[in-house]
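**Student:** Could you have a look at this structure, given as structure tokens, before my questions?
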């Protein structure tokens, strides 16, 4: 058995693993990463963020071609199959893998392929695809193995008509009707993607409101636009059982309803990839969803083992995972690059997309904070009119007395880009976080960023 010695070993090469590896390598640590795939990137690159967002972009282009009258001079509206659209995602994945492989190579980071499990607090064994066993000994470890779709034991995911958010990327046909169970972020994003391809979608929500953590107005707007695109949303429903057929699937709900479709996409929760790590050998416990508990330093119950990314739960975003991994490594190398990641904007890539940061109206009302609202509707913005993207708005919540910005909520094209301007101002200390910044700053014209100025004036006009 080959034995290798390192300062730090990182399990996983997704955003959290990459963030940890790059930061630790900058401080001269001898590093190795372990991944079950022969290529880097983790589930984010191969099954999650990258393919789903590439799919969304392609579908958005199809919608633009089919609905913009200008394109009728070129030809009639076209129908595209899901497998054809998926090819664009494959190209993006290949480019991402090439880029990220270069990061590891330039930083002289050793890579091992296989399944890693802890032998003790200083040792992991890696079983390679060929069955060989290699042993890695290190002073510090970072668990960044990510997550996978949660699969209830009473649902047969081996049935050819039953998919989860990983296996849906192997769908070889375009269903006429699709049931999506679970109306969280992933469920809503795929509802947008498939409905944009003309698929009739039944979106089953176990709660009474879509994405209830959002501002109510934004959640309502999402519901409206999904319904406007022929998505049937069923709230407060839970499954009784799933019946697989040769030509489809029937979803039996506890309410007594039965829904038949060509396929079922299960999007109800995720579980941490911890079951094969041998955590019991080092005394690390996980919760019912396989997630590892960490402190504010991203340290587990074992002092030399850290964890970051989806494997620790909230917020389960690629952006946060990278910073969490970087912060975990910052603690290992005792640098000032550490911070607890809690200032995280929400980015939801539905059609139209959604992004927000800070408090929403319900939270501010419950806290009895005197706030006011400023809005800018995209239909009145010159840039949105030029790009033919009139749907959406920017909403700024601010303190009536101090003008401190308390929350920014955006719905529409480029929402996930627009929100960062508000985030930057909200992070300024003291009186520098003020609505006045937007009225005293000259924005390029025409731009979507100008919506901040419009919303700020709208909010100030409400004061008396």
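Think of each number as a place in line: the chain as shown, counted from 1.
Just so you know, glycine gets a Cβ as well, placed from its N, Cα and C.
The shown structure was predicted, so the numbers you read here are calculated from the model rather than taken from an experiment.
What Swiss-Prot lists as FAD binding site is 35, 36, 37, 38, 39, 40, 41, 42, 43, 44.
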**Student:** Non-local Cβ contacts of residue 35 (FAD binding site) (under 8 Å, 6 or more apart, same chain)?
**Tutor:** 12, 13, 17, 42, 111, 112, 113
**Student:** According to DSSP, folded down to helix, strand and coil, what is residue 43 (FAD binding site)?
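**Tutor:** Where residue 43 (FAD binding site) sits, the three-state DSSP reduction gives helix.
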**Student:** Let me know how many other Cβ atoms fall within 10 Å of the Cβ of residue 39 (FAD binding site).
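**Tutor:** If we count other Cβ atoms within 10 Å of residue 39 (FAD binding site), we arrive at 18.
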**Student:** Any idea which of the binding-site residues 37, 41, 43 has the thinnest Cβ neighbourhood at 10 Å?
**Tutor:** 37
